[in-house]
(Lines of atoms letter the chains of each structure in order from A and count residues from 1; the text may use other names and numbers.)
(Lines give C-alpha, C1' and ligand atoms only; values in the text may rest on other atoms or scores of the structure.)
Protein backbone atom coordinates (compact mmCIF):
# COMPACT_ATOMS: atom_id res chain seq x y z
CA UNK A 1 0.00 0.00 0.00
CA UNK A 2 1.41 3.41 -0.93
CA UNK A 3 1.60 5.76 2.01
CA UNK A 4 2.04 9.52 2.20
CA UNK A 5 5.11 10.81 3.99
CA UNK A 6 4.49 12.13 7.47
CA UNK A 7 5.50 15.79 7.54
CA UNK A 8 4.38 16.73 11.04
CA UNK A 9 7.36 14.93 12.58
CA UNK A 10 9.81 13.99 9.87
CA UNK A 11 11.81 10.80 10.11
CA UNK A 12 14.88 11.18 12.30
CA UNK A 13 17.84 11.17 9.90
CA UNK A 14 20.78 10.74 12.30
CA UNK A 15 21.89 7.24 13.20
CA UNK A 16 20.94 6.21 16.72
CA UNK A 17 21.38 3.09 18.83
CA UNK A 18 18.98 1.96 21.51
CA UNK A 19 20.96 -0.56 23.57
CA UNK A 20 20.59 -2.68 26.70
CA UNK A 21 16.96 -3.47 26.02
CA UNK A 22 14.81 -6.56 26.15
CA UNK A 23 13.24 -6.81 22.72
CA UNK A 24 9.89 -8.42 21.97
CA UNK A 25 10.46 -8.25 18.24
CA UNK A 26 7.31 -10.16 17.14
CA UNK A 27 9.35 -11.54 14.24
CA UNK A 28 7.59 -14.45 12.59
CA UNK A 29 10.80 -16.45 12.18
CA UNK A 30 11.25 -16.52 15.97
CA UNK A 31 9.11 -18.33 18.51
CA UNK A 32 6.54 -16.63 20.69
CA UNK A 33 7.07 -12.90 21.00
CA UNK A 34 10.47 -13.14 19.32
CA UNK A 35 12.31 -12.15 22.48
CA UNK A 36 15.91 -10.96 22.29
CA UNK A 37 17.60 -10.42 25.65
CA UNK A 38 20.27 -7.71 25.96
CA UNK A 39 19.19 -6.40 22.60
CA UNK A 40 19.97 -3.34 20.54
CA UNK A 41 18.17 -1.49 17.78
CA UNK A 42 19.98 0.74 15.30
CA UNK A 43 17.93 3.34 13.42
CA UNK A 44 18.83 5.71 10.61
CA UNK A 45 16.68 7.75 8.27
CA UNK A 46 13.60 6.53 10.09
CA UNK A 47 14.37 2.87 9.32
CA UNK A 48 15.73 0.00 11.39
CA UNK A 49 19.26 -0.96 10.29
CA UNK A 50 19.82 -3.65 12.91
CA UNK A 51 17.79 -5.34 15.62
CA UNK A 52 19.23 -8.19 17.61
CA UNK A 53 21.64 -9.17 20.40
CA UNK A 54 23.93 -6.30 21.32
CA UNK A 55 26.91 -8.63 21.08
CA UNK A 56 26.22 -9.08 17.36
CA UNK A 57 26.10 -5.35 16.65
CA UNK A 58 28.49 -4.60 13.74
CA UNK A 59 31.29 -2.28 14.82
CA UNK A 60 30.80 0.04 11.85
CA UNK A 61 27.28 0.88 13.01
CA UNK A 62 28.55 2.23 16.33
CA UNK A 63 30.73 5.00 14.86
CA UNK A 64 29.29 8.54 14.91
CA UNK A 65 26.11 7.30 16.49
CA UNK A 66 23.78 8.61 19.19
CA UNK A 67 23.54 5.93 21.89
CA UNK A 68 20.68 5.58 24.37
CA UNK A 69 20.82 3.11 27.26
CA UNK A 70 17.41 1.49 27.72
CA UNK A 71 18.46 0.25 31.17
CA UNK A 72 16.93 -3.16 30.63
CA UNK A 73 13.49 -1.90 29.63
CA UNK A 74 11.20 -3.92 27.39
CA UNK A 75 10.73 -2.79 23.80
CA UNK A 76 7.90 -3.82 21.49
CA UNK A 77 6.93 -2.65 18.03
CA UNK A 78 4.87 0.52 18.09
CA UNK A 79 1.24 -0.41 18.65
CA UNK A 80 -1.20 -0.57 15.73
CA UNK A 81 -4.89 0.26 16.19
CA UNK A 82 -6.26 -1.19 12.96
CA UNK A 83 -9.98 -0.33 13.32
CA UNK A 84 -11.21 3.06 14.57
CA UNK A 85 -13.88 5.67 13.87
CA UNK A 86 -12.25 8.53 15.80
CA UNK A 87 -13.26 11.33 13.38
CA UNK A 88 -16.79 12.43 14.26
CA UNK A 89 -18.81 15.16 15.92
CA UNK A 90 -20.89 14.98 19.09
CA UNK A 91 -21.37 11.93 21.30
CA UNK A 92 -24.00 9.31 22.01
CA UNK A 93 -24.19 9.38 25.80
CA UNK A 94 -27.99 9.29 25.64
CA UNK A 95 -27.86 5.93 23.86
CA UNK A 96 -25.65 4.64 26.63
CA UNK A 97 -28.46 5.41 29.04
CA UNK A 98 -30.96 3.70 26.73
CA UNK A 99 -28.88 0.54 26.70
CA UNK A 100 -28.77 0.61 30.50
CA UNK A 101 -32.57 0.67 30.40
CA UNK A 102 -32.61 -2.48 28.28
CA UNK A 103 -32.61 -1.31 24.66
CA UNK A 104 -30.45 -3.38 22.30
CA UNK A 105 -28.05 -1.98 19.70
CA UNK A 106 -30.40 -3.15 16.94
CA UNK A 107 -33.46 -1.60 18.63
CA UNK A 108 -31.66 1.72 19.01
CA UNK A 109 -30.59 1.66 15.36
CA UNK A 110 -34.06 0.80 14.08
CA UNK A 111 -35.48 3.67 16.15
CA UNK A 112 -33.25 6.15 14.33
CA UNK A 113 -30.35 6.10 16.75
CA UNK A 114 -27.01 4.44 16.31
CA UNK A 115 -24.80 5.47 13.43
CA UNK A 116 -27.37 7.81 11.89
CA UNK A 117 -27.58 9.85 15.10
CA UNK A 118 -23.91 10.86 14.73
CA UNK A 119 -24.45 12.15 11.21
CA UNK A 120 -25.97 15.52 12.09
CA UNK A 121 -23.21 16.48 14.53
CA UNK A 122 -20.52 15.34 12.12
CA UNK A 123 -22.00 17.17 9.15
CA UNK A 124 -22.19 20.38 11.18
CA UNK A 125 -18.41 20.51 11.62
CA UNK A 126 -15.76 21.73 9.19
CA UNK A 127 -12.61 19.74 8.49
CA UNK A 128 -10.88 21.84 11.12
CA UNK A 129 -13.67 21.18 13.59
CA UNK A 130 -13.46 17.45 13.00
CA UNK A 131 -9.70 17.53 13.50
CA UNK A 132 -10.11 19.43 16.76
CA UNK A 133 -12.73 16.95 17.97
CA UNK A 134 -10.60 13.93 17.05
CA UNK A 135 -7.30 15.14 18.51
CA UNK A 136 -8.00 14.21 22.15
CA UNK A 137 -8.95 10.72 21.06
CA UNK A 138 -5.88 10.34 18.87
CA UNK A 139 -3.59 11.81 21.52
CA UNK A 140 -4.83 9.27 24.05
CA UNK A 141 -3.98 6.43 21.68
CA UNK A 142 -0.55 7.91 20.97
CA UNK A 143 0.10 8.25 24.71
CA UNK A 144 -0.12 4.45 24.96
CA UNK A 145 2.48 3.82 22.27
CA UNK A 146 0.27 3.69 19.18
CA UNK A 147 2.28 4.59 16.08
CA UNK A 148 -0.20 3.48 13.41
CA UNK A 149 -3.95 4.07 13.44
CA UNK A 150 -6.67 3.32 10.91
CA UNK A 151 -9.46 5.92 10.65
CA UNK A 152 -12.75 5.38 8.82
CA UNK A 153 -15.31 7.71 7.34
CA UNK A 154 -18.94 6.67 7.70
CA UNK A 155 -20.66 9.41 9.70
CA UNK A 156 -21.21 11.73 6.75
CA UNK A 157 -23.52 9.61 4.57
CA UNK A 158 -23.34 12.14 1.78
CA UNK A 159 -20.47 12.62 -0.61
CA UNK A 160 -19.11 15.92 0.68
CA UNK A 161 -19.30 14.91 4.33
CA UNK A 162 -17.60 11.56 3.72
CA UNK A 163 -14.76 13.34 1.91
CA UNK A 164 -14.58 15.88 4.72
CA UNK A 165 -14.02 13.10 7.24
CA UNK A 166 -11.25 11.59 5.14
CA UNK A 167 -9.63 15.01 4.76
CA UNK A 168 -9.67 15.35 8.54
CA UNK A 169 -8.02 11.95 8.92
CA UNK A 170 -5.28 12.93 6.48
CA UNK A 171 -4.81 16.22 8.34
CA UNK A 172 -4.30 14.40 11.64
CA UNK A 173 -1.32 12.59 10.15
CA UNK A 174 0.29 15.93 9.38
CA UNK A 175 0.13 17.27 12.93
CA UNK A 176 0.81 14.23 15.09
CA UNK A 177 3.60 11.61 15.15
CA UNK A 178 1.48 8.76 13.86
CA UNK A 179 0.86 6.87 10.64
CA UNK A 180 -2.78 7.18 9.55
CA UNK A 181 -4.46 4.71 7.21
CA UNK A 182 -7.85 5.79 5.86
CA UNK A 183 -10.86 3.63 5.05
CA UNK A 184 -13.85 4.82 3.03
CA UNK A 185 -16.97 3.58 4.83
CA UNK A 186 -19.77 5.12 2.80
CA UNK A 187 -21.73 1.86 3.19
CA UNK A 188 -22.02 2.23 6.96
CA UNK A 189 -25.70 3.09 7.30
CA UNK A 190 -28.51 4.40 5.11
CA UNK A 191 -29.38 8.07 5.76
CA UNK A 192 -32.96 8.99 6.55
CA UNK A 193 -33.62 10.44 3.11
CA UNK A 194 -32.76 7.06 1.55
CA UNK A 195 -34.64 4.89 4.03
CA UNK A 196 -35.77 1.71 2.29
CA UNK A 197 -33.69 2.59 -0.78
CA UNK A 198 -30.29 1.10 -0.09
CA UNK A 199 -29.68 0.47 -3.77
CA UNK A 200 -30.27 4.11 -4.67
CA UNK A 201 -28.01 5.25 -1.85
CA UNK A 202 -25.21 3.04 -3.11
CA UNK A 203 -25.70 4.22 -6.69
CA UNK A 204 -26.05 7.93 -5.92
CA UNK A 205 -23.75 8.41 -2.92
CA UNK A 206 -21.48 5.48 -2.03
CA UNK A 207 -20.07 4.68 -5.47
CA UNK A 208 -19.57 8.23 -6.77
CA UNK A 209 -18.20 9.21 -3.36
CA UNK A 210 -15.67 6.41 -3.59
CA UNK A 211 -14.62 7.53 -7.05
CA UNK A 212 -14.00 11.06 -5.78
CA UNK A 213 -12.18 9.90 -2.65
CA UNK A 214 -9.90 7.80 -4.84
CA UNK A 215 -9.32 10.62 -7.32
CA UNK A 216 -8.41 12.99 -4.49
CA UNK A 217 -5.99 10.55 -2.85
CA UNK A 218 -8.03 10.26 0.33
CA UNK A 219 -8.65 6.53 0.56
CA UNK A 220 -6.34 3.60 1.35
CA UNK A 221 -9.04 0.92 1.71
CA UNK A 222 -12.79 0.45 1.31
CA UNK A 223 -14.96 -0.83 4.16
CA UNK A 224 -18.63 -1.70 4.56
CA UNK A 225 -21.12 -2.86 7.20
CA UNK A 226 -22.76 -6.13 6.18
CA UNK A 227 -25.63 -6.67 8.61
CA UNK A 228 -29.41 -6.83 8.76
CA UNK A 229 -29.57 -3.24 10.01
CA UNK A 230 -27.13 -2.05 7.36
CA UNK A 231 -26.30 -3.60 3.96
CA UNK A 232 -26.82 -7.01 2.41
CA UNK A 233 -24.17 -9.21 0.83
CA UNK A 234 -25.34 -8.23 -2.65
CA UNK A 235 -25.26 -4.53 -1.79
CA UNK A 236 -21.74 -4.76 -0.36
CA UNK A 237 -20.68 -6.71 -3.45
CA UNK A 238 -21.49 -3.66 -5.58
CA UNK A 239 -19.21 -1.52 -3.41
CA UNK A 240 -16.41 -4.08 -3.49
CA UNK A 241 -16.69 -4.43 -7.27
CA UNK A 242 -16.13 -0.69 -7.60
CA UNK A 243 -13.18 -0.84 -5.18
CA UNK A 244 -11.67 -3.69 -7.18
CA UNK A 245 -12.04 -1.72 -10.42
CA UNK A 246 -10.13 1.14 -8.79
CA UNK A 247 -7.44 -1.14 -7.37
CA UNK A 248 -8.31 -0.39 -3.74
CA UNK A 249 -8.15 -3.15 -1.09
CA UNK A 250 -11.29 -3.94 0.90
CA UNK A 251 -12.28 -4.91 4.43
CA UNK A 252 -15.64 -5.55 6.07
CA UNK A 253 -17.65 -5.27 9.28
CA UNK A 254 -19.07 -8.79 9.25
CA UNK A 255 -21.04 -11.22 11.39
CA UNK A 256 -21.39 -8.82 14.33
CA UNK A 257 -25.10 -9.33 15.07
CA UNK A 258 -25.97 -12.22 12.77
CA UNK A 259 -24.39 -14.41 10.10
CA UNK A 260 -25.19 -13.07 6.64
CA UNK A 261 -22.12 -14.58 4.99
CA UNK A 262 -20.14 -11.35 5.14
CA UNK A 263 -16.88 -13.07 6.07
CA UNK A 264 -17.12 -15.38 3.06
CA UNK A 265 -17.87 -12.38 0.87
CA UNK A 266 -14.83 -10.55 2.24
CA UNK A 267 -12.66 -13.59 1.66
CA UNK A 268 -13.90 -13.93 -1.92
CA UNK A 269 -12.48 -10.46 -2.61
CA UNK A 270 -9.19 -11.20 -0.84
CA UNK A 271 -10.10 -8.67 1.84
CA UNK A 272 -7.43 -7.37 4.18
CA UNK A 273 -9.69 -8.13 7.14
CA UNK A 274 -13.14 -9.06 8.35
CA UNK A 275 -14.00 -7.39 11.66
CA UNK A 276 -16.22 -8.16 14.68
CA UNK A 277 -17.12 -11.79 13.75
CA UNK A 278 -19.19 -12.74 16.79
CA UNK A 279 -21.47 -14.88 14.58
CA UNK A 280 -18.78 -16.28 12.29
CA UNK A 281 -19.10 -19.99 11.48
CA UNK A 282 -16.41 -22.57 10.68
CA UNK A 283 -16.97 -22.28 6.93
CA UNK A 284 -16.40 -18.54 7.15
CA UNK A 285 -13.23 -19.06 9.18
CA UNK A 286 -11.88 -21.52 6.63
CA UNK A 287 -12.66 -19.12 3.79
CA UNK A 288 -10.82 -16.33 5.59
CA UNK A 289 -7.79 -18.54 6.18
CA UNK A 290 -7.63 -19.56 2.53
CA UNK A 291 -7.79 -15.91 1.43
CA UNK A 292 -5.32 -14.60 4.03
CA UNK A 293 -8.02 -12.34 5.44
CA UNK A 294 -7.22 -11.23 9.00
CA UNK A 295 -9.82 -11.53 11.76
CA UNK A 296 -10.02 -8.24 13.67
CA UNK A 297 -11.67 -8.79 17.04
CA UNK A 298 -13.27 -5.79 18.77
CA UNK A 299 -13.92 -6.53 22.44
CA UNK A 300 -14.80 -2.92 23.21
CA UNK A 301 -17.93 -3.17 21.08
CA UNK A 302 -18.76 -6.61 22.49
CA UNK A 303 -18.48 -5.14 25.99
CA UNK A 304 -20.29 -1.86 25.33
CA UNK A 305 -23.40 -3.40 23.76
CA UNK A 306 -23.42 -6.24 26.29
CA UNK A 307 -23.21 -8.86 23.55
CA UNK A 308 -23.46 -12.51 24.61
CA UNK A 309 -22.20 -14.27 21.48
CA UNK A 310 -18.39 -14.41 21.45
CA UNK A 311 -16.25 -14.66 18.34
CA UNK A 312 -15.27 -18.30 17.66
CA UNK A 313 -11.64 -17.87 18.65
CA UNK A 314 -10.86 -21.58 18.66
CA UNK A 315 -12.32 -21.99 15.18
CA UNK A 316 -10.11 -19.13 13.99
CA UNK A 317 -7.07 -20.79 15.54
CA UNK A 318 -7.88 -24.17 14.07
CA UNK A 319 -8.38 -22.67 10.62
CA UNK A 320 -5.11 -20.76 10.84
CA UNK A 321 -6.62 -17.28 10.61
CA UNK A 322 -4.39 -14.44 11.78
CA UNK A 323 -6.04 -12.55 14.66
CA UNK A 324 -5.71 -8.80 15.24
CA UNK A 325 -7.41 -6.70 17.89
CA UNK A 326 -8.45 -3.04 17.85
CA UNK A 327 -10.36 -0.47 19.88
CA UNK A 328 -13.16 0.14 17.36
CA UNK A 329 -13.14 3.60 18.95
CA UNK A 330 -16.46 5.21 18.02
CA UNK A 331 -19.12 7.41 19.64
CA UNK A 332 -21.81 4.80 20.14
CA UNK A 333 -20.79 1.18 20.55
CA UNK A 334 -17.15 1.41 21.64
CA UNK A 335 -16.25 4.81 23.13
CA UNK A 336 -12.84 3.37 23.91
CA UNK A 337 -9.45 4.98 23.30
CA UNK A 338 -7.15 2.50 25.03
CA UNK A 339 -5.45 -0.26 23.08
CA UNK A 340 -3.92 -1.49 26.34
CA UNK A 341 -7.38 -2.01 27.81
CA UNK A 342 -8.40 -3.65 24.55
CA UNK A 343 -5.62 -6.18 25.10
CA UNK A 344 -6.94 -6.98 28.57
CA UNK A 345 -10.50 -7.25 27.26
CA UNK A 346 -9.36 -9.59 24.49
CA UNK A 347 -7.79 -11.90 27.04
CA UNK A 348 -10.53 -11.68 29.67
CA UNK A 349 -13.59 -11.72 27.41
CA UNK A 350 -12.37 -13.71 24.41
CA UNK A 351 -9.68 -15.83 26.12
CA UNK A 352 -6.88 -14.80 23.81
CA UNK A 353 -3.41 -15.57 25.13
CA UNK A 354 -0.94 -12.87 26.14
CA UNK A 355 1.04 -13.60 23.00
CA UNK A 356 -2.08 -13.32 20.82
CA UNK A 357 -3.04 -10.01 22.43
CA UNK A 358 0.37 -8.41 21.97
CA UNK A 359 0.73 -9.77 18.44
CA UNK A 360 -2.83 -8.64 17.71
CA UNK A 361 -2.00 -5.05 18.65
CA UNK A 362 1.27 -4.98 16.69
CA UNK A 363 2.17 -7.46 13.95
CA UNK A 364 -1.34 -8.67 13.15
CA UNK A 365 -2.76 -5.15 13.26
CA UNK A 366 -0.18 -4.17 10.66
CA UNK A 367 -1.09 -7.24 8.61
CA UNK A 368 -4.77 -6.24 8.75
CA UNK A 369 -3.84 -2.89 7.17
CA UNK A 370 -1.58 -4.35 4.49
CA UNK A 371 1.40 -2.74 6.23
CA UNK A 372 3.34 -5.74 7.53
CA UNK A 373 6.26 -4.96 5.22
CA UNK A 374 6.45 -1.49 6.79
CA UNK A 375 5.74 -1.86 10.50
CA UNK A 376 4.43 -4.19 13.20
CA UNK A 377 7.67 -6.03 14.02
CA UNK A 378 11.17 -5.00 15.06
CA UNK A 379 13.48 -6.04 12.24
CA UNK A 380 15.90 -4.52 9.77
CA UNK A 381 14.35 -2.67 6.87
CA UNK A 382 11.13 -1.67 8.60
CA UNK A 383 10.08 1.71 9.92
CA UNK A 384 11.67 2.49 13.27
CA UNK A 385 8.40 2.40 15.23
CA UNK A 386 9.02 1.24 18.79
CA UNK A 387 7.38 1.37 22.21
CA UNK A 388 9.54 1.32 25.35
CA UNK A 389 7.90 0.07 28.54
CA UNK A 390 8.49 0.20 32.30
CA UNK A 391 7.41 -3.39 32.90
CA UNK A 392 8.96 -6.58 34.25
CA UNK A 393 7.42 -8.81 31.58
CA UNK A 394 5.32 -8.33 28.43
CA UNK A 395 2.39 -10.01 30.20
CA UNK A 396 1.94 -6.81 32.23
CA UNK A 397 0.73 -5.02 29.09
CA UNK A 398 -2.24 -7.38 29.02
CA UNK A 399 -2.69 -8.07 32.73
CA UNK A 400 -2.90 -4.57 34.18
CA UNK A 401 -6.07 -2.46 33.94
CA UNK A 402 -6.09 1.34 33.93
CA UNK A 403 -2.30 1.34 33.79
CA UNK A 404 -0.05 2.98 31.22
CA UNK A 405 3.58 1.89 31.67
CA UNK A 406 4.85 3.59 28.50
CA UNK A 407 8.30 5.09 29.09
CA UNK A 408 8.68 6.54 25.60
CA UNK A 409 8.02 5.60 22.04
CA UNK A 410 9.80 6.07 18.76
CA UNK A 411 8.09 6.93 15.49
CA UNK A 412 10.17 6.74 12.33
CA UNK A 413 13.31 6.86 14.45
CA UNK A 414 12.30 9.97 16.42
CA UNK A 415 11.75 9.67 20.15
CA UNK A 416 8.33 10.84 21.37
CA UNK A 417 8.09 11.36 25.16
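For all residues, glycine too, the Cβ spot is worked out from N, Cα and C.
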Fe(3+) binding, same site as 83, 85, 253 - Swiss-Prot member from 328, 385, 417: 328
92, 253 as binding-site residues, winner by CB count within 10 A: 253
Residue 85 (Fe(3+) binding site) and residue 330 (N-formimidoyl-L-glutamate binding site), Cα-Cα, nearest whole angstrom: 5
Residue 253 (Fe(3+) binding site): nearby binding-site residues from 92, 155, 188, 332, 333, Cα cut-off 10 Å: 188
Cβ within 8 Å of the mean position of the Cβ atoms of 83, 85, 253, 328: remaining residues of the chain near Fe(3+): 84, 152, 275, 276, 298, 301, 326, 329, 330, 334
Residue from 83, 85, 328, 332 whose C-alpha is spatially nearest that of residue 92 (4-imidazolone-5-propanoate binding site), among the binding-site residues: 332
Env. residues of N-formimidoyl-L-glutamate site, Cβ within 8 Å of mean position of 155, 330, 332 Cβ: 85, 88, 92, 114, 115, 118, 154, 331, 333
